[in-house]
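**Student:** Can you read through this structure? Questions will come right after.
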Amino acid sequence: MAPQYAPSLWAALPLLAFLLETLLILLFTFCIQYEQWEVKESSFTDIYAELQDVSVMVFFGFGFLAAFLTRYSFSSLGFNLLVASFAVQWAVLMNGLLFSISNGKISVSMRSLTEAQMFAVSGLISMGAVLGKTNPIHLLLLALLEVTGFVANTWILRTYLKVPAVDSIMMLHIFGAFFGLMTSWALRREGLEPRHSKEKVHRKTGLFSMMGALFLWMFWPSFNSVLIDHTLHAKKLSVIGNTYLSLAASAVSAFVFSALTSPRGKMNVVHIQSSMLAGGVAMGVPMSASCTPWVAVTIGLLAGLLSTLGFRYFKPYLQVNFGCHDTCSILSVHGLPGILGWMAYMLIEVSHSDDLSKSLRFTLYLMCTLITTLGVSLGLGAITGVLLKWRGWRPPQDRKCFDDQAFWEFPHLAVHK
Amino acid sequence: MAPQYAPSLWAALPLLAFLLETLLILLFTFCIQYEQWEVKESSFTDIYAELQDVSVMVFFGFGFLAAFLTRYSFSSLGFNLLVASFAVQWAVLMNGLLFSISNGKISVSMRSLTEAQMFAVSGLISMGAVLGKTNPIHLLLLALLEVTGFVANTWILRTYLKVPAVDSIMMLHIFGAFFGLMTSWALRREGLEPRHSKEKVHRKTGLFSMMGALFLWMFWPSFNSVLIDHTLHAKKLSVIGNTYLSLAASAVSAFVFSALTSPRGKMNVVHIQSSMLAGGVAMGVPMSASCTPWVAVTIGLLAGLLSTLGFRYFKPYLQVNFGCHDTCSILSVHGLPGILGWMAYMLIEVSHSDDLSKSLRFTLYLMCTLITTLGVSLGLGAITGVLLKWRGWRPPQDRKCFDDQAFWEFPHLAVHK
Amino acid sequence: MAPQYAPSLWAALPLLAFLLETLLILLFTFCIQYEQWEVKESSFTDIYAELQDVSVMVFFGFGFLAAFLTRYSFSSLGFNLLVASFAVQWAVLMNGLLFSISNGKISVSMRSLTEAQMFAVSGLISMGAVLGKTNPIHLLLLALLEVTGFVANTWILRTYLKVPAVDSIMMLHIFGAFFGLMTSWALRREGLEPRHSKEKVHRKTGLFSMMGALFLWMFWPSFNSVLIDHTLHAKKLSVIGNTYLSLAASAVSAFVFSALTSPRGKMNVVHIQSSMLAGGVAMGVPMSASCTPWVAVTIGLLAGLLSTLGFRYFKPYLQVNFGCHDTCSILSVHGLPGILGWMAYMLIEVSHSDDLSKSLRFTLYLMCTLITTLGVSLGLGAITGVLLKWRGWRPPQDRKCFDDQAFWEFPHLAVHK
């Protein structure tokens, strides 16, 4: 009854992408210009070097991170590139419209490109939950809705709660993770067996995704520190140092707990590559707090622990009990470590303060930040999921999930070389 | 009749490479010294960081870009390294001899190393057309002749047409592509079937070449902007921003038109990885023009379109009708987008100008630049092709084309793992 | 009699790693703080960009360099990450304790993190000799002892021989290589056949290790120049330029001599990827000498020659005659080129000097530096080897050497996909 081949996207995908890109060109024509650059020299270079680091993370790191799926690595990598290219252009517009428009014109600068890449990351995180069970049309729509929602969320946080810009952007891990989980839950397929036969790691694709993970891991200090002004050297040093130490600790922690929770003490490569990043996530959220090296190492250790346990126990639990399948386990990599970072932020600030009422006010403020972010992300994630459920978007059949064959021309790859 | 094994390069390759390297050492002894550095500090670092970006593109990006050939990835990568190492040393000398010699001494600086790497790129582009059908001796000779020719071409452009240094170097895409095509045409083999059985992409080698392509794509803004002086911040920002946006658009465009020109709407990984770079090429040529963001996005979109169509239709056409086989499709990746960029340069300048006679003069000037470059590249390419046709260079037999076995020690790889 | 499976590390590895990390947190709590940053702006950024380059070398470059072993690439990559994460944290402490403690507090800065990474490299080099025949417990202990020993060696050199800090750190190649060789000799296994059936390179893992090697090769100029103060521009330019040229020459040299020493003129991918790095090692040791471009190219050429010959002839000789098995051939990649660099240092300084007694004093001083380094490394290497010989560390059986199966969860990889 079901067709033998995955539904063709021949007309739909090119048409949608071309229309979107044309729309972007039109909007760019009317309201984008380059900033007239007048700040002093060295600051320019600083920003460019770190923009490049973030660029490597967005297009290379996230692309290869998800390439572990044995028959889906081209799609993971390619769709990440397609979606990120769109999301960055879209985020330049959205971010500019809400925060930096003057005389009807949005100024593009190194900083606005960097921020746009970070907004795009929130979309790429959400994508990780539904990867393999969707087609590129779903992913494009999801990313555009998600980026719009996340920019709106930072606007709410900055306008009503007076959250500093940097702190509001750092909620991207929590926002992206819960948005993606909700969408994945709304898109759940009854027919998909709990463990899809193609949803596994292969020896060689594992090395590719380890490569992507390593580039994310190495450049994460830039990701957390790039939005700090270059005149604040001590702050910048401490964020870079803390992220570095936290990442080192979470890598160790991923090895420790992956081996400990395995019956024969063997490590799992997908746990390691994902959980080693948890330290960076968990240090990103409280980056405005002043934090000593040992605290950073401790946060990294706990983040790695939480993430590995999430991978081993929480991911299957969610799937079996709620039907919420999370391909790249974004809950363990971004969601839980993000909330850990949020708690660390609260604890650090409260422990530094002598004034009880101030501590209470700060706790309340952080609570509101988290609840707003969770509310907006869960709500919009559910709406996005419902929108994407329409059969007209031509989702791949259950049998064709996690398979490059549905989207890529590989006539000679039908048989394993 | 034909020998069973590819001809051994035992004596020839080491001897040639050793003699060339010794010659380089001798020339270096007499005429190379380091620049006595006196400019101010920050500019030094700026240049070093961007030199590194270009370095990654030259040695890593171009090396892995051509690694998609299923049985030829070691050769693609290794010969790229060998040829690039030579070509950079040679270009330091050639570039110095023509442009920066004083008192019989050539000064080496960060900038001259960067320019030497860009000259080497023109040789690596040409190499892409003949890859797989040649041996490393051919490639070395081709690269040295090509770099010499390209330096001579920039000298002609700068001396007789008063082309600015930066603009003359940016002709490297057009020069490299047409030089390589001509050489490939001169070296055409009647016996090679139109579609060689080993000339195909494999699932894993496709991921490697996607990796190389991504590094080229991510660092292309540095490639286009590195030669701009660091005091011109506004110019540098606009070139970086334009290249970034143009690349994003050409990535989208590559997906759109690769899917649209496929019968079942499937994408082709070799098209994507190559055509996504077209936006960078097309923004490189008109980098001296002042260009707004929407123009950059439009150029990127058109470059991706042109490049994908070139891949799908023009490459087989050239091969069937002219016997000109273009392994890495350099015409689609560098040649056509380069000419598109040249046309964009003309249109932008003409549209900005109110003065008709000035516009006409500028058009004439650009025409001369293009015609000179095409003339020199096609002429020298043909001569190089004829020189390399000599059987004494021991070309691999038709059956041994596109095969690592001819050049690499893999006793245990005779059978597939 | 022997068990069928490799001994489980279930309790031992997590326990050891967790205890070590907890110990580090405790020590960090009491004696680590961030430097109060007061130097001027641009210098901060310079250091960060180069710290990142070294970071890529340590975690990515060394990790993938050793990934060529066909069934051991996950272990090579993963254990490199685990060991490097520990070694860097440990080196921050050790280096701080001996050189930058004040009021009982160690200040962490960009520079101290960079130095810590370089100390960690000496441990990663030693690891290369015993890789595949050990488990992660061995590797962790080896790295901690090696880093401690190397920090002690730099302390001896700096205190008793007045060696400048930079020069003492650059002995890391010689120290690491001989330490590792000695440990590998002490751990020799009678039962291991000279050529283990799993100790070979595979087509795809070869590409991965080529990738790691390329990143090391491209960023080596940063490795050699990062410790030079940023106000010394001419010095920094010459070290970067010399390393760049030396690396280019040693890449050429690796191709030449790999082909020349092969019966049919074929190149060997493991030789190329390792020997192309020899030029960087050999230019690192004499980086304090003032060295013209042609000398750098000559040193690179000789380093590539020495390294390729070491690979082809010296590695099997050592193994057959002394039972000293050197998995990654660290003697050829770091040991011999390091000593070549040391000799070049002596020759350059002597040839520049007119004063015979000064030359003699300098030669004597360099002799003492080398002898001290060799003595400490060989002595500590032997002690480490004896400590690691204890059966309680649960070494893998001979049959399980060079096999990921012993350490990684790959149920579905038991058969080749």
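Here the Cβ of each residue, glycine as well, is placed from N, Cα and C on the backbone.
According to TrEMBL, the record shows the following:
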DOMAIN    C:21-389  domain 'Ammonium transporter AmtB-like'
TRANSMEM  C:12-34  transmembrane segment
TRANSMEM  C:54-74  transmembrane segment
TRANSMEM  C:80-101  transmembrane segment
TRANSMEM  C:137-157  transmembrane segment
TRANSMEM  C:169-187  transmembrane segment
TRANSMEM  C:207-227  transmembrane segment
TRANSMEM  C:239-260  transmembrane segment
TRANSMEM  C:294-314  transmembrane segment
TRANSMEM  C:326-348  transmembrane segment
TRANSMEM  C:364-390  transmembrane segment
**Student:** Over the domain 'Ammonium transporter AmtB-like' (C:21-389), what is the model's average pLDDT?
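**Tutor:** Summing pLDDT over the domain 'Ammonium transporter AmtB-like' (C:21-389) and dividing by its length gives 91.
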**Student:** Please work out which recorded stretch in C:80-101, C:207-227, C:294-314 has the most C-beta pairs separated by under 8 angstroms from the transmembrane segment (C:239-260)?
**Tutor:** C:294-314
**Student:** Does the transmembrane segment (C:54-74) reach the transmembrane segment (C:207-227) with at least 3 CB pairs under 8 A, where each pair is 6 or more residues apart?
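**Tutor:** Per Cβ check, the transmembrane segment (C:54-74) touches the transmembrane segment (C:207-227).
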**Student:** Where else in the chain does the transmembrane segment (C:207-227) make close Cβ contacts, counting only residues six or more beyond its ends and a cut-off under 8 Å?
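**Tutor:** For the transmembrane segment (C:207-227), the sequence-distant neighbours (Cβ-Cβ under 8 Å, at least 6 residues beyond its ends) are 47, 50-51, 53-54, 56-57, 60-68, 73, 111, 114-115, 118, 165-166, 169-170, 201, 236, 239-240, 243-244, 247, 251, 269-270, 272-274, 276-277, 280, 283-284, 287.
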**Student:** Top stretch among C:12-34, C:80-101, C:294-314 for CB pairs under 8 A with the transmembrane segment (C:137-157)?
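**Tutor:** Comparing C:12-34, C:80-101, C:294-314 against the transmembrane segment (C:137-157), the winner is C:80-101.
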**Student:** Are there residues at least 6 beyond the ends of the transmembrane segment (C:80-101) whose Cβ is under 8 Å from a Cβ of it, and what are they?
**Tutor:** 17, 20-21, 24, 27-28, 31-32, 58-59, 62-63, 66, 107-108, 112-113, 115-117, 119-120, 123-124, 127, 136, 139-140, 143-144, 147-148, 151-152, 155, 158, 165
